[in-house]
Structures are given as structure tokens and as C-alpha cells.
Amino acid sequence: MAGTEQQASCNNELVNPIISMGLQYSGILVISHVLQILLKPLGQASPIVQILAGFLMGPSGFSRIKAVEKFFIQSYASGYYEFMALIFRTIIMFLIGLETDFPYLMRNIRPASIIACGSSLACTFFAAAVTFLVFQETASRGSSFMMSLMIIITLANAASPNVVRVAADLKFSTSETGRLAISSSLIADAYAVFLLFILSEYKSTSIAKWIFFFFLYFIIVGIVIVINMYLANWLNRRNRNQKYLRNAEICVLLAILYVAAMALEHFGFSSIIASFLIGSMFPRGGKAARTLLIKLTYPIHNFIFPIYFGNHGFRANVTKLKNLRNFMVFCILILSSIGGKIVGTLAACFHLKIPYREGVLLAFMMNLKGHVDMLALTIGLTDDLVLSQNFYDVMIATIIVNTLVWGPIVAFMVRRESDIIGYRQIYFESQNPESELRILACVHSPRPVATMLGLVAASRGPRDVPITPYLMHLVELPGKKKTNLMYNQKEEDELSDEDDYGGNDVVEINDAVDMFTSETGLLVHQIKAVSPFSRMHADICNNAEDIRASIVVLPFHKHQRIDGKLENGKQGIRTTNQKVLRHVPCSVAILIDRGLTAGSLNPSGSDSLQHIAILFFGGPDDREALGFSKRLGMDHHVNLTIIRFLPASSRGQIAGVNIAHKTDDVLMAISNDEVEKETDNAILTEFHNRYVVTGQVGYVEKVVESGAETASALRDMAEMYSLFIVGKDGRGHSVLTTGMSDWEEFPELGKVGDFLASPEFDISGSVLVVQQYRPSKFDDDDDDDKQ
């Protein structure tokens, strides 16, 4: 008898829920990573793969084997899984809030709310319509209202973690459609969480108690937001000379989050929206937010997300659908879900005048499940709100199969609709200066950071114009040194991790960015790329495409010495610039930084007036520079002047030119050079009427006969401006620049840019050389990039 008890005790230790849960999570991780390798080339997003991994591990897959089922599926282990789910979804929603473009969400709260409300209300009506049938066919007992509420939550919810990860994996999270889908899913989550509160507090009929709980909810969230604000600012000051916060300090910040989440859960609230709000309102500028992003992103994306999504898939049991009635209910719920999402979302998109194809994609994105809906079913099952195991089995199967079906369809639609949601470059010459500007500024060291940030600040224009700046720190990855020493025999300075590359430059760059953010209120997103110079241009081009940059600004390979002369930097920087000019999928500019002491742009929000000159010779690049300068001219700290260089025969050509009245026959009869002249005149006429006539921008004409006279005119204005902006190539071979090529040393700057950067030209201002995006050149040189 004692032997039998001892054997039973040993068996209980082997099926300990913690061991079982750990092995289950390990299995899901292994299977999800294997499936990721197999399905990633087919374009499948990681959440779909991770849900499928859990699905294969669960009762629909390997757990159909009795021994596996006995080990993994234990009735008394549910509490452990629910606790871990709470831990995971709290940190997931906090990270989503930390990464969310909250200014975009606030700017577009109306369209996002209309889409979320349209899809959610349509699903609410569909759910109410099918509740009676589902109640009868699943032989349920209990409250039909509670069943209706759970079906509404299931159909109306759009799982924001799934939407965020699917959009990121399919590389359209920075597109207008992707950001709108993410914003709408977050609002739909809020609607589902509100219904979840009614579901969990249904037995409490006191209205006063509900009001008290809601008041308490916002009090707790508000207190945590304020605490984080003061604590983050204190930690930023305390760690001024360090790259990141210490691990103990990060644990304190996360402990505050979890204490608030547990308190809300104790009072019957879901902490989902609270965690998101705490993350989205966390102070973005400084080491605290930067450290949290770095420390949380890797473990959450590579471990927590696979387990969280995989656990949802693990709970689904499609074998229960063998019953004809269950299968019929399953089909009705699937059709109701997609029907409600399509009807509601398309109606909202029609009202907002969003194209039909984008509306369909938004509807499918909003139909991704597996977040609040799973929590609603858990509450219903725990509190015995509806007495029918069939109902819960069918609902869970509906949630998982729905996402597994529509996830690949979304991936297919994203590939097919790449023309409407893909990366589309809009030239500055035709871009509205009040539209959003996404600028990627690159630096190799802290030296040009101040001027780069000053350019970003000036490009912002009025404060109501949205701008999303990125600062990319480019760090050279040194080649491997051949050595016969073992790892433990190396010197300490030879042991380094990728995160350590950049040395003290990282601290100086971070300090400059933090100071800029505190003075201007403009958040700068920081990116770090560590690669050899031979592949560094690929990192820049890929990041520009990922963030859908409007323009990429590169530092010149020369930097200014104390005596004012330009000194050569690493040759690899120049090579990188040349490759980026050929391959980047947007407009690109090279900044020749003359240094802050020489009068370049002030990065702070000071009241000093900066004088900037646009040198216009004609051609696509000059028109692009002119289009970019529209934003600079809207800043009240900038005094912008357009200096147009004209040959003597073209004096006064700006007045009254309009190529819209030219016929096709006339255009075919004239040369390409004449077409360029007409286009230049049309662009300048529009610019003159809109900005010069109103007094926002100055306009000067310089009549010259040759490149020598152009050079002389440039020398005369050398000390007048803190920044010169010019196009790279102008209009090809022009009399205005004839002879200037004799001094050409840096072809990547063009003739005028090269002259302004030459040591013979004594200039105090910085120079920005702009090149318009050239798709044909990008495509032709693609093979060269692979060598």
C-alpha cells in the first residue's frame, strides 16, 4: 500500500502543473520557430504561425495522444495558465502602448473611432441575432444575456496584439492603412473590455458600485502615469553618464506596472486597456523609455508572443466539431464574424471615403481574434455564467480557426494590394507641405547630430504639421581579427557585444537627442545599425523603406576642424553615401556640416533667426530642394530666400508661365531641355504666388554668363546664410555651371555642391545637397548592389 502511494506521489511530481506548463511552453516555442522557418518565406505573419504551433500541440494535434493529453491537459492547472496569461498580456499591452504612435492616434481619432464603432456595432447586431440559435443548438443552460454578451465580445473584438504583429511582419505597419488598422483595433479592444467589465460584474446590480469602480479605475491608472512621469525623469537625471538604466531600476518600473494591473484585476477590471494607457503615456524622451524598449522588445517578440499566441491555439479542440450541431454553430459564428466586420467596416470606409480595396483589408485585419475574447470565455466558464461545455468548445474553436483562416488571407491581400499600401514615394515638388514628413537622419558620430536635429526642427514648420523624425546611428562593424588566442585569453577590450559598439558616442548622441526633445517637445525615434561599410547602405535603404521615409539625410564624409577647414573622415563613409544615392527608394540629401560655432542651424527652440538660401539653377533635383524648402519657409525661426540663377537671355522669365495650356503636339516638338525649363518656370510661378507674394519667402534673381560668374556670386553671399540648399545635378550641362567642373572633387555632390564643399571656397554656413528619387537608376543599379 505504501509503495502504491509512493508511486502515485512520484507520478504527481512528474505531472506537476509548473513542469507541465514549462514543457508545454517549450514545445510551443520549438514548434513555432520551426514553422516560422518553413512558412516565413511564404509570407505568413508570426502570430498566425505561433497560433498554429499551439494548435498542433493541443487537443487538435499531438495532445490527441492519450499520454500527451494526460501530461499537458490537467483540470487543476487552469489557474497557473490564467496567471501566466495575465502576466503576458500586461507586459504585451504595455509594450504596444510604448511603441504606439500616440500623436497619430490622436490626430486620427475620428476615422479610427468610426471604423472601430462601425465594425463593432455591426458585429453586435449579428451576435444578438444568432444568440437564440446558438443557445438552443448547444443545449445551454443559464443566462442567454450572458451568452449574447460573450458572443458580442468574440465577434466585435479585434485583437490588437495580433493586428500589431501582423502589420509589422507584413511591413505595412507604417503605412496609412496599417496605422489606421492598429488604431481601430485598439479602440475596438476598449469596447470589448467595457463589455468584459459588464460580464464580470453582472451579478453586482448596484449602479453606485459600478460608478465607484470606474472612478477607482481611472484614479489608479492616473496615479501610475504620474508616478512614472516623475520616476522616469528622476532616473534619466540619475543615469546621465550611462547608456541605459540598470536592471534593478527597470524592475522597479515594471513592478509598478504589475502592482497596478493586479489591483485592477482584484477589483474586477481587466488590466488590458490600463496597461496600454500606462505604456502610451510613459515619458518617451530619455533613457528610461529607451531602455524599456530595448530590454522588452527582444524577449517579448521572441518568447512571450509565441507562448501567448500559442497558448490560445493550444486551447482549441476542433474534434468537438464532429457533432453536426456544433459544426453548424461554428459555421454560423464564423460567417457572422466576417459578415459583421465587412458590413460595418465597409460602411465606415464609405462614410470616410476610403477606397474599397483598403476597406476590405481593414475588415479582414479587424477580424483577427484571440485576446479579450479568450478572457471573456474564461470568465464565463469560471463563473458558470453559461452552463454548456459545447458552447465554450465551439467558441474557442471559432476564435482560433477564424484567425488561422483570415491571417493568411490578409498576407495574400497585402502582397496583392502592394500598389495601394506599398511604399510610394511622393516627390517634394508636388507634396503638400502640411502633410506628414518622415525624415531619416543618419550619423556616424556625435559631431553632426546638433545640425541634423536643427534641420529636423526647421523642417517641422508650424507645430500642427506632423513630422516623424528618425535618427540612425551608423556604427562600423570591424572585421574579425585572426588570432590563435582562446576566448578566455583575450584582453577585456577585445570582448564586446553588438550592443556595445559605438562606445561613448552612444551616450553623447542620446544626450543630444534628449536635450532636443525636452526643448522642442519633438520625439526623435532612434535606430542603431551595426554593419561593415560594404553593407551599411543596405541597412539605410531597408530602414528607409520600413519607416516609409520621405527623405534620407546623410552626413558628408568630411568634418570641420577647429580652424574651419574640412578634414577627411573614413573613406567608407563616402562609399556608403555613393551607394545610398544610387539605391535608396526615396529622395536623399547630403549634409556638409560646418559646425554650430560657424553659424549653422540651432537645434533648440531658440528665438534666433536663421537665414537659409535655396540655390535654384533648374532641373529635378533643384525642384526637389525647392519643394523641401517649403517646410523650412513655414518656420517662423527661418528667414528663407530663393536665389534663382539665370542666364542673361532669360531675365524675368518667372512671370506668367503656365505649361498647363501647352498642347501635346507642342510638347513633343520641343526638346527635353525646353520641357525642363517650362516645368521649372511652372513650379517657381506657383511657389512665387503662394509664398513670395505673401512675404513668407524672399526671392532674388542672379543673372550670370558662365560658371565663373556663378562662383563669384556664391562667394559674395558666403557669409550671409547659415545653410545653403541646392539640388545635386541641376539641369545637366548648363551655361550657368560651365567651368565649375574644373574644381570637381566629389561628384556625389554635383557641380555646385562640390564647389560649396571645396577647400578653396571659404564659407561659414552648412550645405544640404538634395537628390530627387530616381526609380530607373535604382532599378538599373540593383544588380550592382548585390555584388
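Using N, Cα and C of the backbone, Cβ positions are placed for all residues, glycine too.
The domain 'Cation/H+ exchanger transmembrane' annotation in TrEMBL covers 31-415.
The annotation domain 'Cation/H(+) antiporter central' is assigned in TrEMBL to 470-598. Confidence for the domain 'Cation/H(+) antiporter central' (470-598), expressed as mean pLDDT, is 80.
Positions annotated as domain 'Cation/H(+) antiporter C-terminal' by TrEMBL: 612-774.
Per TrEMBL, the feature transmembrane segment maps to 18-39 (among others). Nonlocal intrachain contacts for the transmembrane segment (18-39), taken as residues 6+ away from its ends with a CB within less than 8 angstroms of a stretch CB, comprise 46, 49-50, 52-54, 56-57, 71-72, 74, 77, 80-81, 84, 303, 306-307, 310-311, 314.
If you look up TrEMBL, you'll see 80-100 (among others) marked as transmembrane segment.
Sequence annotations record features per position, and here TrEMBL assigns transmembrane segment to 112-135 (among others).
Through the fold, the transmembrane segment (147-168) approaches residues 45-48, 89, 92-93, 96, 99, 116, 119-121, 123-124, 126-128, 130-131, 134-135, 140, 178, 181-182, 184-186, 188-189, 191-192, 195-196, 198-199, 202, 276, 305, 308-309, 333, 336-337, 340, 365-373, 376-377, 380, 385-386, 391, 395, 398-399, 403, 407, 410-411 of its own chain, all at least 6 residues removed from its boundaries and within a Cβ separation under 8 Å. The annotation transmembrane segment is assigned in TrEMBL to 147-168 (among others).
If you look up TrEMBL, you'll see 180-199 (among others) marked as transmembrane segment.
As annotated by TrEMBL, transmembrane segment applies to 211-232 (among others).
Marked as transmembrane segment by TrEMBL: 296-314 (among others).
The transmembrane segment annotation in TrEMBL covers 326-348 (among others).
Feature annotation from TrEMBL assigns transmembrane segment to 394-414 (among others).
Ranking 80-100, 180-199, 211-232, 326-348, 394-414 by CB pairs under 8 A with the transmembrane segment (296-314) puts 80-100 at the top. Residues of the same chain lying 6 or more positions beyond the ends of the transmembrane segment (112-135) and with a Cβ under 8 Å from any Cβ of it are 105, 144, 147-148, 151-152, 154-156, 158, 180, 183-188, 191-192, 329, 332-333, 336-337, 339-341, 343-345, 347-349, 351-352, 362-363, 366, 391. Sequence-distant contacts of the transmembrane segment (326-348) (same chain, at least 6 residues past either end, Cβ-Cβ under 8 Å): 114-115, 117-127, 129-130, 133-134, 137-138, 151, 154-156, 320, 356, 359-360, 362-364, 366-367, 369, 390, 393-395, 397-398, 401-402, 405-406.
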